[in-house]
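As given in TrEMBL:
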- 499-510: domain 'EGF-like' (DOMAIN)
- 516-536: transmembrane segment (TRANSMEM)
- 548-567: transmembrane segment (TRANSMEM)
- 573-597: transmembrane segment (TRANSMEM)
- 609-628: transmembrane segment (TRANSMEM)
- 634-655: transmembrane segment (TRANSMEM)
- 671-692: transmembrane segment (TRANSMEM)
- 698-717: transmembrane segment (TRANSMEM)
Amino acid sequence: GLFVTDYFTRTPRKLSPFRSFASIELFHFHIPEDTVIAVWNLITFKEQGGTFGDQCPDRSITVYFRSGAPSVINPLHTHFPRDTAVPGSFALTLTWTLPNRTTGVFNVTSPLPGDWFLAAHLPKDEGKISVKGLYEECQYLFQPQLIVQRLVNIAVLYPGYVTEQSMAPHNRSSLYKVFVPSYTSRVLVEVLRCHGAEGCPLWLRVRAKAPPLHNSTALDCREHAPCQLALDLPFWQHWYYVLVEKHPGVPGSVSFQVTVQLTDCSRPSLARPPFLPSSASMNMPHSFGSAGGLALGDSPPPASPNGTKHPVPIPTASPASERCWPVRPTLRNELDTFSVHFYIFFGPNVSVPPDRPAVFVINLLPVLDSGGVLNLELRLNVSSLCGENVTVFGCLNHEVPLTSGDNASVTCETESLAGFLLSVNATASLSRLRIPYPQTGSWYLSLRSLCATEHGFEPCTNVTAEVYLRAYLSPCINDCGIYGQCKLLRTNNYLYAACECKAGWNGWGCTDNAEAFSYGFQLLSTLLLCLSNVMFVPPVAIAVRSHYLLEAAVYIFTMFFSTFYHACDQPGIVVFCIMEYDVLQFCDFLGSLMSVWVTVIAMARLQPVVKQASVLYLLGAMLLSMALQMDRHGLWNLLGPSLFALGIMAIAWTARTIRRRHCYPPTWKRWAFYLCPGALIAAAAVLLYAFVETEENYFYIHSIWHLLIAGSVGFLLPPRAKPSGRLGPLPRRKGCGYQLCVNEQEELGLVDPAVASINSICTS
C-alpha cells in the first residue's frame, strides 16, 4: 500500500516535581485512522539562567501514555477512594545520556486512532520553599514530537459481498477494513477458494479500530476448513481491520476470496442484507469511501481502489444468535464544566424484569468529557423484591452492551471485552462506581436480575426489581473532600480537573490519611504562627516610649494582619478568615516591608525638616505597594526598597561621621548592645527564611522568623533624645547669619538621655 507520514510537535514546557495530578504537564495528540505505526520522540533538556544547565543535577522524568483519555497515575502509591476504577496506561522513565539533554523514543505499532494523552513529571522533591529570584533555578523542559505513518486507500469490504484477491510472490499480506454499525452482534470473516502452492498457506487476523498485530485474533487457514473467523459482540460504529497474511517461505502466488457477514441482533434470524443502505442510515464515517448512496435494488458498488474485481453477491447465512434488547437513551443536561447529569426517560426509577435485561446508553462527548469523573450509582428498592433473594447485576461496558447468552453469568468480561460490575441486593442495597478520566463515546449499562440459590444464581420468576439509577459527570471525586481543592486545569484547548490536597492528605480524591496532619497538630501550627506575632508588642511599647508614633502604628498594623493572614492561610480545617485571602496576604506583606522601611529611616535620624514632611515614609509606602503589585514573591522587587532605605541611612551616617570627624554612632555601648545584636538577629531571620524553610518545617521556622524580626526591631529602633533641665543662655557670635543648634545627645545616639549631661552647641 501507499504510506503517508505526518508530523506533530508541541511547545516545550517546564516540568514540576510530582505532588498531585495538578502538578503534571499534559500533552494532547490526535492519531488519524489507518495508522500503522506511531513514534514519539521525547526531548528533554535543562536550562539555568537562560543557558544550558550543565551543572543541574540529573533527575529522572516519567512519561505516561494513554489512548482516549488522560492517564490515571499514582507514582506515590497512595490509596484511591472507594468504588474507584483505575484504568491502565503505559509508563516510560527517561534517563540522562548527555549533561544537558536526553532523548527517548516510544513506538506503538498499529495504535488506536483518536485522542492520545501524554503526562510527564519530575520525582517528588523535599518540598523546599525557595525565594523567587535568590538564585538561578534549574529548569527541566520537555517537548514531545509525534511521527505517524498511515496507509491510504485500504480496500473496503462490503458485508454480504465477495472480494477476490491474488497475492503476488513478492507480497506478504493484504489489508482490508469493514465498518460495523450499531446493533451488530456478530462479525464473520471467511476466506473462500484459497489456492496456493501448499494448500491455503494463509493467516487470517482481525482487529477492531486499528490494523491487526501479531497477538490479535487469528486463524490458520491450513488447519481450518472452512477458514472462518467469528467475533461476537463487536464494537459498534467502528472499523474492523482484516489482515490476510501469507506464511513465511511460501513460493508462488496465492489467490483467494474474502467475505464478511454481519449479524443484525435486532433481527436475530437474519444477517445483514446483501445490499448497502446509504452511509447516513448506517452512520458511517466519511472515510468509508464510495460505499454511500446505494439503495435497495442498486447495482453493486464499483471496484475497490486496490484493483480487485467487482464483488459478487452471495446468499446470506442465518446463524442463530442472541437477540439484542432495546437500548434506552439518556437525556444530557449540562450544568457547568464537567458537571453533567444524565437523566433517564420515565426515570430515575427503572424496572428490571426477570426475563430480559434493561440496557441504557450514556454518551460522552469527545475531548470535552474525558477530563472529569464518570459516576454511577445504583440503589435497590428492597420493597419491590417481595421477599425474594434477588440480586441485580449491572455491567458497564464501553462501545457495546454486554448481552451474554448465559442468563446466570455474573461477569462483565469476555475474551475481547472488559467492563465494570455492580451489584445490589437486600443486604447491600447501594452500589457506586467512579471512573476518573473516562474514555469518550458510548457507555452501555446492562441491568439484569438473578435469584440466589444453593447452586448459584438462576433466572428469577415473576419478580420485577426496581432500581434507582443515577449517572452524572463531575470534575473531581466528591469535590476532593474537606482536605482538598478541585482545580480546573487547561493544556492548550483541552480542559481537565484534578485534586490538590493539603494538610498532609494524599490520593486521587484526597482520602489517603497516611501522612495527614492531626487536628491537634493543625491547631498547634496555627497558634504558633499567629501568637508569634505577639512579639511585636515590645517594639510597639519601645516606639511609643520614644515618641515614634508613626513607627508604632506600622508595627501594630503588621502584627494585626500577620496574625489573621496566617489564621486564614492554614491548609487544614483550623482556618479563620476575617477578609478575603488576597487582601490579608497583601496587607501582611506590605506591613512587614513597611516595618523594615520605617525602622531604617528612623535609624538614619534625618533632619526635622525632612522628617516632618514625611516624604520618605510616603515614598516608601508607594514603592512597596508597587513592588507587591508587580510580584508579591519576587526577591528584588521586595529587596530593592529595603536596600534603598539602607542607602539613605548609610548616607546620613556617613555625613555625620565626616562632619563630626568620628564614627557615628560614637559610643561602643550602642554598637555592642543594640546595633550588632539587632543586625545579627535580623540576618539570622533572613537566612532561616531564605535557606532553611520547607513545607514540613514551615509552621515553626516561620514562627521563629516572626520572633526574630520583631526582636531585631526592638534592638535597632533608636532612642528619642529628651532634654532635661533648663539650658542657660548660649553664647552668640556677632555678625550676620543664622544660628544652627544641634543636640549633642541626639547626635551621639545615646540610649538613655540621663546618661550624660545635655549640652547644646550652636554655630553660626
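From the backbone N, Cα and C atoms, a Cβ is placed for every residue, glycine too.
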(request) With Cβ distances under 8 Å as the criterion, find the stretch in 548-567, 573-597, 634-655, 671-692, 698-717 that has the most pairs with the transmembrane segment (516-536). (result) 698-717
(request) List the helix, strand and coil residue totals of the domain 'EGF-like' (499-510) as derived from DSSP. (result) 0 helix, 4 strand, 8 coil
(request) Report yes or no: does the transmembrane segment (698-717) come within contact of the transmembrane segment (548-567), defined as 3 or more CB pairs under 8 Å with a sequence separation of 6 or more? (result) yes
